[in-house]
Amino acid sequence: MEGMLMSLAFVLPFSEALVSIITVLIFAFSWLIISPKEKYQSFRKTPLPLFPAGIFILYLLWTTGTHHPANAIDEIRRNVFWLLIPVAVAYLPLSRKQIDRILYALALGVIISSLVALIRWQFSESIGITDIRDTTLNPHIGHSLLVNFSLFFLLLEIFRYREDSWNMRQISQLAGVLFLLIFDFWLHSLLGLLTLFATFIALSFFTYREIPKRLRKYVWAGAVVLIIIPLALIGRELYRQFHTSMPQPAQVAKFTSNGNPYQNDFSKTLRENGHFIYLSICLPELQKEWNKRSSLKFSDKDANGFPVKSTLIRYLTSKGLTKDSAGVAQLSNDDIRAIREGFANCRYVPERMNLSARIYQTIWELDAYRSNGNPNNKSLVQRWAYTRAALSIIAEHPFVGVGTGNEKAAFNEMLSRQNPKLRPANFSHAHNQYLNYLVTFGIVGFAILMFLLIYPLFRVGKLSVLTVLFLLTIGIANLGDDNLQTHTIRTFFALFYTLLVFGFANSAKEPAGNFVSNNNHQ
């Protein structure tokens, strides 16, 4: 059974299908290893592991008022893992070393799948990947959470075994930590990085008294740095974008070098890299010069479905060039290809895309929404629309929510009412797990769900540092995305919540919850 659990942990970052198959096999084999009678006796003796399994019952109960049976059945099917994993895993006689090996299997799987992502990026052009976040085999936010948890685990393992000198084990663990940290930044998952920083800061706060006095100033210095870094990056991008003011008409050229008139719209303040988009535009020259250099015509659409005209104008602006024949003439062949592929800013081209550019992209989306009121294809703006819709649905159904299976219809109706400009193709649910639970279950169901997850934590004794990190990582990340709606992260949470909280429930030697914080070599 240990091998199957290791396999499940290893494939989490690779394949949802394998996750499902292995989970079902684990559930089936657990009944062969432990007879129904023994399981029943375990249930009676130690009922705490059944608490998270109660979440599945909650979904079942809330189907009574569903208006969309097919959606309700799909929700039940996807959330059955809340039942399968705790019941199958919690009562297995797993030792500390076995759980360690399962954790190492996860870390190994995350490292290998991250290497696969790096390789996929090297061949991105041939396999049609234009966004670095699409290189992971699972959605990038979920993958970044697996990276963060694996990073924390390996970091704790380095300090778990105190040796006079470094050995190969610690060197390998340190290499894994450094690789995962670099990969986290490389992936450009803003939520993943913010979760990493916030988890470290929160851990420093919660464990302040347990930190040796000689190390406290270094820990707090690190926490301050982690607060300053994102603020500094955001501040720098804000300054770059908005430090210049709209020039006076007399300061702007009225004609191109060929004597053709420019279009200058001083009422529109939208910018690219600090340059105003709607100044110095000569459409006839743009069309003539572009059509000379590209088989994709000026009137066509780029690879992302947007008019080449608008992509070209934005791209030229981002490079600080005039929007005329002279500007197009200064574009390299790589620039022409980037425009054809739909990159509207020279900083978005894969070879130049970095974390600062990702932050800038978010700032630009907010500025564009402020300028034209169009929320489509703007990630952060759409997230706010989904949040606003969720809050409105909760206000209309405060106590028991809309029920299992009715969530999608409720969001679609509210989004169409509140955001007439938002295209139906961009409708979705809130990117906040807690709001989604409140929409489905209301205050009553949400309180029950949180009780089912939190109550066992106060009954198993002191939690290990790794368990606290695990809970903080998921808890903080759920503020920015609906992680437990995805199959991979739902399984990840159910599996490691069960292992870290109840892993030694049947062991007479070691109490659950303290196995990582013990620093003695065993």
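Just so it is clear, glycine is given a Cβ too, placed from its N, Cα and C backbone atoms.
TrEMBL labels come from automatic prediction, so no person has curated them.
Annotation comment: TrEMBL describes 374-449 as domain 'O-antigen ligase-related'.
Sequence-distant contacts of the transmembrane segment (6-34) (same chain, six or more residues past either end, CB-CB distance under 8 Å): 42, 81, 84-85, 87-89, 91-92, 101-103, 105-106, 108-110, 113-114, 136-138, 143, 146, 487-488, 491-492, 495. For 6-34 (among others), the entry in TrEMBL reads transmembrane segment.
The transmembrane segment annotation in TrEMBL covers 46-64 (among others). Here the transmembrane segment (46-64) has long-range neighbours at 72, 75-76, 79-80, 82-83, 86-87, 90-91, 400-401, 403-405, 440-441, 445, 448-449, 452-453, 455-456, 459-460, 494, 497-498, 502, 505-506, meaning same-chain residues at least 6 beyond its ends whose C-beta is under 8 angstroms from one of its own.
Here the transmembrane segment (76-94) has long-range neighbours at 1-2, 5, 23-24, 26-27, 30, 33-34, 39, 42, 46, 49-50, 52-53, 55-57, 59-60, 63, 404, 487, 490-491, 494-495, 497-499, 502-507, meaning same-chain residues at least 6 beyond its ends whose C-beta is under 8 angstroms from one of its own. What TrEMBL lists as transmembrane segment is 76-94 (among others).
The feature transmembrane segment is assigned by TrEMBL to 101-121 (among others). Sequence-distant neighbours of the transmembrane segment (101-121) (same chain, 6+ residues past either end, Cβ-Cβ under 8 Å): 2, 5-7, 9-14, 127, 129, 132, 135-137, 143, 146-147, 149-150, 153-154, 176, 179-180, 183, 186-187, 350, 496, 499.
Feature annotation from TrEMBL assigns transmembrane segment to 141-161 (among others).
Annotation comment: TrEMBL describes 173-206 (among others) as transmembrane segment. Long-range contacts of the transmembrane segment (173-206) within the same chain, counting only residues at least 6 positions beyond its ends with a Cβ under 8 Å from a Cβ of the stretch, are 107, 110-111, 114, 117-118, 132-133, 135-136, 140-141, 143-145, 147-148, 150-152, 154-155, 157-158, 219-220, 222-223, 226-227, 229-230, 353-355, 358-359, 362, 465, 468-469, 472-473, 476-477, 480-481.
Beyond its flanks by at least six residues, the transmembrane segment (218-239) meets 193-194, 197, 200-201, 204, 211, 355-356, 359-360, 363 of its own chain at Cβ-Cβ distances under 8 Å. The transmembrane segment annotation in TrEMBL covers 218-239 (among others).
Per TrEMBL, transmembrane segment is recorded for 434-457 (among others). Beyond the ends of the transmembrane segment (434-457), by six or more residues, the same chain brings 48-49, 51-52, 54-55, 58, 62, 387, 390-391, 393-394, 397-404, 406-407, 410-411, 463, 471, 478-479, 482, 485, 497, 501-502 to within a C-beta distance below 8 angstroms of the stretch.
Among the features that TrEMBL reports, transmembrane segment is placed at 463-480 (among others). Tertiary proximity for the transmembrane segment (463-480) is limited to same-chain residues at least six positions away from its ends with a CB under 8 Å from its CB atoms, namely 141, 145, 148-149, 152-153, 156, 191-192, 194-195, 198-199, 202-203, 206-207, 431-434, 457, 489, 493, 496-497, 500-501, 513-517.
Taken from TrEMBL, the feature transmembrane segment applies to 492-508 (among others).
Mean pLDDT of the predicted structure over the domain 'O-antigen ligase-related' (374-449): 96. The DSSP breakdown of the domain 'O-antigen ligase-related' (374-449), given as helix, strand and coil counts, is 50 helix, 0 strand, 26 coil.
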